[in-house]
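Report on the following structure.
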């Protein structure tokens, strides 16, 4: 059984790379991890993760997709598949791999053959009505995150409205609010990973 793979999707600037950086920083002493970033023409996100995060550079792979970002995570996952295979061969102890998509629209989803779980993140600055649009990325993800809550007063967004809209389309699926700049709400994300993804409750039983 190989490492668990978590897809991280969302629009440009929503906080995908920062989310991976914050999670890996918090779990570095608990879990053996690696990360893969996807972008169209650069590996800038991989460089940022290596410079600002705690993962060794050799555990971070940047992929230049050269086309539509969601193709590499859904229709043709071959580049990501190869990156995962390479990481597993180099680090047999891997328990968790994050696959960050390139910035994409609200309909982007991960192939179930590529990842085991997925997170979709948006930010408040994109507008109060974004959750109401209920794109497939927000609906189908295992965890939905509304990030940059601190910006709500400055962009005229009502967080209560966003929460109610999220409840309506998420039904019983989890979602949370975060301000990753200050780690506010990160505890909810970590709790989800520990208990829903890593299933620590079962391991400790």
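The backbone N, Cα and C atoms fix where each Cβ goes, and this holds for glycine too.
Note that the coordinates shown come from a computational prediction; the quantities given were computed from them, not determined experimentally.
Straight from Swiss-Prot, the features:
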type	residues	note
BINDING	10, 11, 12, 13, 14, 15, 16, 17	GTP binding site
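With a cut-off of 8 Å between CB atoms and residues at least 6 apart in sequence, the same chain places 103, 123 near residue 13 (GTP binding site), listed in sequence order. Long-range Cβ proximity for residue 17 (GTP binding site), meaning a same-chain Cβ under 8 A and a gap of 6 or more residues, is found for 37, 45, 48, 49, 100. The binding-site residues listed here are 12, 14; among them, 14 has the most other Cβ atoms within 10 Å of its own Cβ. Most other Cβ atoms within 10 A: among the binding-site residues 10, 11, 15, that distinction falls to 10. On its own chain, residue 16 (GTP binding site) has 8, 9, 10, 45, 100, 101, 103, 121 as residues at least 6 apart in sequence with a Cβ closer than 8 Å to its own Cβ.
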